[in-house]
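Asker: My questions all concern the structure below.
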Amino acid sequence: MSIKDISLSGKKKEVVDKKMTLIEKLYLPAIVQGLGITIKHFFQKKVTVQYPEQQREYSPVYRGQHVLMRDDQGRERCTACGLCALACPAEAITMTAAERTKGEEHLYREEKYAAVYEINMLRCIFCGLCEDACPKEAIFLTKSKLHVKPDLEREAFIYGKDRLVISVEDAKARKYD
Ligand code: SF4
Ligand code: SF4
């Protein structure tokens, strides 16, 4: 077999320099064929949506911005164990733990809590490993459906507890369950 006969794709076509017929010279078949494709697409279901008025269904495994959850009594679930930070491949999570004092039982579920909890959204790759690592079901990306908003300042992407911990009202309304 000569090298000319070898076709890796199996779609090899020999180019022939034959004279065009009158119909071919008028390009009519090609125009009709093109119109046929256009008409076919005209009646097909549209794949575009009028965002933001219209929004697509999120996938059940969609990972949005993180939320730090509260329990059904409105107390913060996070116990500042640091497992999420340890699991994070992007080293995006930092926290400072504190001991719960007497009278704070209604605020924090565990004896230890995160006094400071920060995620650098510019580092985060939304892999979800922090969610998988959490033993207290305190951090979720899959439930939030929130987007990290664009900004011009790098500092704006350091999300603290003020933006991560869900509100008591949302916890009571079980918005993220
Ligand atoms: S989603 Fe991944 S990269 Fe982002 S904070 Fe969690 S573990 Fe780190
Ligand atoms: S979010 Fe979960 S894994 Fe991370 S520190 Fe809090 S309890 Fe531990």
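In case you wondered, yes, glycine gets a Cβ from its N, Cα and C as well.
Automatic prediction, not curation, is the source of TrEMBL annotations.
From TrEMBL, for reference:
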| type | residues | note |
| --- | --- | --- |
| BINDING | Cys78, Cys81, Cys84, Cys134 | [4Fe-4S] cluster 1 binding site |
| BINDING | Cys88, Cys124, Cys127, Cys130 | [4Fe-4S] cluster 2 binding site |
| DOMAIN | 69-98 | domain '4Fe-4S ferredoxin-type' |
| DOMAIN | 115-144 | domain '4Fe-4S ferredoxin-type' |
Asker: An 8 Å radius from the center of the Cys88, Cys124, Cys127, Cys130 Cβ atoms defines the neighbourhood of the [4Fe-4S] cluster 2 site; name the other residues of that chain inside it, in order.
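Answerer: What remains near the Cβ centre is Cys84, Ala87, Pro89, Ala90, Ala92, Ile93, Ile119, Ile125, Phe126, Gly128, Leu129.
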Asker: Kindly point out which of the binding-site residues Cys81, Cys88, Cys127, Cys130 have a C-beta less than 6 Å from some atom of ligand 1.
Answerer: Cys88, Cys127, Cys130
Asker: Which binding-site residues out of Cys81, Cys88, Cys134 lie by ligand 2, going by a Cβ under 6 Å?
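Answerer: From Cys81, Cys88, Cys134, counting a Cβ under 6 Å from ligand 2 as near, the near ones are Cys81, Cys134.
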Asker: Which sequence positions outside the domain '4Fe-4S ferredoxin-type' (115-144), separated from its termini by at least 6 residues, show Cβ-Cβ distances below 8 Å to it?
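Answerer: Same-chain contacts beyond the ends: 60-69, 76-81, 83-98, 109, 154, 157-161, 164-165, 176-177.
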Asker: List nothing but the one residue from Cys84, Cys127, Cys134 whose Cβ has the fewest other Cβ atoms within 10 Å; the candidates are the binding-site residues.
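Answerer: With the binding-site residues Cys84, Cys127, Cys134, fewest surrounding Cβ atoms within 10 Å: Cys127.
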Asker: Taking only the binding-site residues Cys124, Cys127, Cys130, which one has a CA atom nearest to the CA atom of Cys84 ([4Fe-4S] cluster 1 binding site)?
Answerer: Cys130
Asker: If you run through the domain '4Fe-4S ferredoxin-type' (69-98) with DSSP, how many residues end up as helix, strand and coil?
Answerer: 5 helix, 8 strand, 17 coil
Asker: Among the binding-site residues Cys78, Cys81, Cys134, report those whose Cα falls within 10 Å of that of Cys124 ([4Fe-4S] cluster 2 binding site); none is a fine answer.
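Answerer: Cα filter at 10 Å returns nothing.
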Asker: If you measure Cys78 ([4Fe-4S] cluster 1 binding site) to Cys130 ([4Fe-4S] cluster 2 binding site) at Cα, how many Å is it?
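Answerer: Per the Cα atoms, Cys78 ([4Fe-4S] cluster 1 binding site) and Cys130 ([4Fe-4S] cluster 2 binding site) stand 12 Å apart.
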Asker: In Å, rounded, how far does the Cα of Cys81 ([4Fe-4S] cluster 1 binding site) sit from the Cα of Cys130 ([4Fe-4S] cluster 2 binding site)?
Answerer: 12
Asker: For Cys78 ([4Fe-4S] cluster 1 binding site), list the number of other Cβ atoms lying within 10 Å of its Cβ atom.
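Answerer: So the Cβ neighbour count for Cys78 ([4Fe-4S] cluster 1 binding site) comes to 26.
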